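> First the structure, then my questions, so here it is.
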Amino acid sequence: MSSSNFSCILSISLTFFILLLNKVNSAETTSFSITKFVPDQKNLIFQGDAKTASTGKLELSKAVKNSIGRALYSAPIHIWDSKTGSVANFQTTFTFTITAPNTYNVADGLAFFIAPIDTKPKSIHHGGYLGVFDSKTYKKSIQTVAVEIDTFYNAQWDPNPGNISSTGRHIGIDVNSIKSISTVPWSLENNKKANVAIGFNGATNVLSVDVEYPLIRHYTLSHVVPLKDVVPEWVRIGFSSSTGAEYSAHDILSWSFDSKLNLGFENNINANVSSSTQAA
């Protein structure tokens, strides 16, 4: 065999191997990091009273009665794939503060949520529904998963405060309902920064939550959440908060998100998608 023929065969073989490798490892990824929110935050959709402040924070609901504020990442997220059955792995971290006139009358909390891409708030979402659920749908499937930081006890659906804490404040995992499927007691540190890490394993369907007031308190919980059976294939992610008769300010100071959806042997030339935002 001549050297030219050998080189040609080797080149074809290498090309085939690379194409096969790309086919096997094709994946969709989304990644962004916001270290400081700016007045014209183009990668966010604002709903209700939510807005960015000149101080670099994202203000959700106002510190007034019956306020709702939500902020969504502008690009839809491919959370599972109908062709391969694959479910994405994701990790999101954020820092928040809740500030109230006093530590007794605090309401109602905030949530990180995953919902259909056309999700919008309604006026009946205020108060204990955290801007995500309402009295008509809280027992029905609305294709929504949320992690709530709940500051106000609502007897209709919240865990009995006698069983978890004197105030009823808790962190919860919500699946299609404001009634959490898993909770852990939580104590508010008024106007102090809390760090949150939420992770999802697409292979095990385990959603894990870690909330920490540095050097003060640390909370964890986890639960199996079959995302493929709960939310649409394409979703939006974001934050929501609300107030009722009592109120407090709910602010997000930073936010990062990373997801990866492995598409297996799907030959998708546009399979690798990424986005990145960094505000100094």
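Indices start at 1 and increase along the chain as displayed.
Every residue, even glycine, has its Cβ placed from backbone N, Cα and C.
In case it's useful when we look at the structure, here is the feature table from Swiss-Prot:
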- 1-26: signal peptide (SIGNAL)
- Glu148, Asp150, Asp158, His170: Mn(2+) binding site (BINDING)
- Asp150, Phe152, Asn154, Asp158: Ca(2+) binding site (BINDING)
- Asn163: N-linked glycosylation site (CARBOHYD)
- Asn272: N-linked glycosylation site (CARBOHYD)
> List the Cα distance (Å, whole number) between Phe152 (Ca(2+) binding site) and His170 (Mn(2+) binding site).
9
> Counting across all protein chains present, how many other Cβ atoms fall within 10 Å of the Cβ of Phe152 (Ca(2+) binding site)?
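Result for Phe152 (Ca(2+) binding site): 23 other Cβ atoms within 10 Å.
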> Once the DSSP letters are reduced so that anything not helix or strand counts as coil, what is Phe152 (Ca(2+) binding site)?
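The three-state answer is coil.
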> DSSP secondary structure for His170 (Mn(2+) binding site), reduced to helix/strand/coil, please.
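Going by the DSSP assignment, His170 (Mn(2+) binding site) falls within a strand, counted as strand.
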